[in-house]
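Under the heading transmembrane segment, TrEMBL lists 6-25, 46-66, 78-98, 119-140, 152-176, 188-211, 231-253, 265-289, 358-381, 387-405, 412-433, 439-457.
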Amino acid sequence: MENSLIQILIICAYIGVLFLISAYVKYRSSGSVENYVLAGRKLTTPLVMVSVVGLAVGGASTIGVAEQAYTKGLSAGWYTAAWGIGAIVMGLTVAKRYRRMNITTVPELLERYYGRNSMIAGIACQILVQLVIMSLQFVAGGAILSALLPDFFTPLTGMLISAVVFIGITLIGGMWSASQSNLLNVTLQYIGITVASWIIVQLAGGMTNVALHMPSIHSLDFISGVGGMTITTWIVVLITVNLSLQAIIQISLGAKDVRTAQKGFIIGGLIMLPVGFLSALLGVIAAEMYPDINAATALPRLIMTLNPWIAGITLASLWAADVSTACNLLLSAATLYSHDIHKRFVDPSMTERKYMKITRLSVLALGLLTLGFALTISGIISTLMAGLSLMTAFAVIVLMTMYAPRLCSRSAALYTLLASIAVLALWMLVPAVRILPHVIYAEWIVCALTFGGVSLIERKPIRDYETPVEIPAAAEEA
């Protein structure tokens, strides 16, 4: 009971600090919508960096990786490394072009170049994918709290408490709050995972002893457990996602200038590369020590063997990863609704104050909707990979718009988005079509052919491709 008391105090203190940060940020920042959804386009390199890391290294990159490592070994860590590779590619390629377009959402780009119908299809896909990803954070959050405090939380009540924190922090402070909270979350998360890994390896008798008792021959192999094809698939999927997911793009758009956005993504990507392998190592050790437990609880269960203070802080840091990811996703999904649906179709003349109110109500409504999704999900990484494949259409559209605009036609985006949805639906419902290793490859082939074919047949070029909207020089230099 004493251990439980220590851990509940740690969690309560952590929640209190997060809400204090949100309240302070709200007090210090002006009440404009741009401040709420894009941090006033003033994010510095460290804030961009921790926002990117906080978004990527969530439940799937910690609990989910350890779950897969429980049976597949150290190679499961490539999932988080793939996120890092995707962020680096984003920083080296399209971050600059996104930032210079001075947009707020990806569907806004679709409307500017491809028309209203493309924008509507884009909104639906982006919101759906982000709600699926966010629901996984609820699942992971519930698993962490129920493992940390089994006398107080079940996985369900853990999800409910996680929902209150995720929604509350986002509701109060928006992107400024999320980015400032990520300074704490990411720092605590990396310290917690690193310290826990070192202590647990020592308790297990060192790496030599871990290797002697590993549950399978591929437990400590960097490739063979999940296999080279799965690793390649993760990298392809997560590069695709980094180029096109609204939650990621919104961080880039919130940077104070182009160079800040680029540096933040590249440094964040580099920082992400090792952390997944630490989570995977803990999953391997958990498989040795607890061979018959639910794999999804492997990491929390192992950490609970530590000193109660260390265990409490470490699991709070894993929960912090969920907070970071969920807040960014929830804010970006709400922005898609308020900016691209409500402002565009319901109340185009609404005041700034009402715009802010609608955005906050969207945060609340979408957060509650996500709870419903969370109750039906099993298999964190497999679910995530299927949902993220829908981002392929956006990646094709964005890359063609930015790098080959003269080869794009007005209808190409809409048909590409519809083709992407059709491919995923067929893949899920008709097993006979699964002739490729993963749906992402089918998505890339079909989306590329659809976009190219429609552009070739229609020959109606997109508008304004030669004069993208630039951010004023003064704003760029601010």
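Positions of Cβ are set from backbone N, Cα and C atoms, glycine also.
Contact check: the transmembrane segment (6-25) against the transmembrane segment (78-98) gives fewer than three Cβ pairs closer than 8 Å, residues 6 or more apart, which falls short of the contact criterion.
Distant neighbours of the transmembrane segment (46-66): 39, 76-77, 79-80, 83-84, 86-87, 136-137, 139-141, 143-144, 175, 178-180, 182-183, 185-187, 189, 193, 247-248, 251-252, 254-255, 260-261, 263-265, 267-269, 271-272, 275-276, 279-280, 282-283, 286, 296, 298-300, 318, 321-322, 324-329, 380-381, 384; these residues of the same chain sit at least 6 beyond its ends, with a Cβ under 8 Å from one of its Cβ atoms.
Nonlocal intrachain contacts for the transmembrane segment (231-253), taken as residues 6+ away from its ends with a CB within less than 8 angstroms of a stretch CB, comprise 37-38, 41, 43, 48, 51-52, 55, 75, 78-79, 82-83, 85-87, 89-90, 93-95, 98-99, 103-106, 126, 129-130, 133, 175, 223, 261, 264-265, 328-329, 331-333, 335-336, 385, 388-389, 391-392, 394-395, 397-399, 437-438, 440-441, 444. Among residues of the same chain six or more beyond the transmembrane segment (152-176), those with a C-beta under 8 A of the stretch's C-beta atoms are 4, 8, 15, 18-19, 21-23, 25-26, 29, 35-40, 43, 51, 134, 137-139, 141-146, 250, 254, 319, 322-323, 326-328, 330-331, 334, 359-360, 363-364, 367-368, 370-371, 374-375. Contact between the transmembrane segment (119-140) and the transmembrane segment (387-405) holds: at least three of their C-beta pairs are under 8 Å, each pair 6 or more apart in sequence. If you count C-beta pairs under 8 angstroms between the transmembrane segment (412-433) and each of 78-98, 188-211, 265-289, 439-457, the highest count goes to 439-457. Between the transmembrane segment (78-98) and the stretches 188-211, 265-289, 387-405, 439-457, Cβ pairs under 8 Å are most numerous for 265-289.
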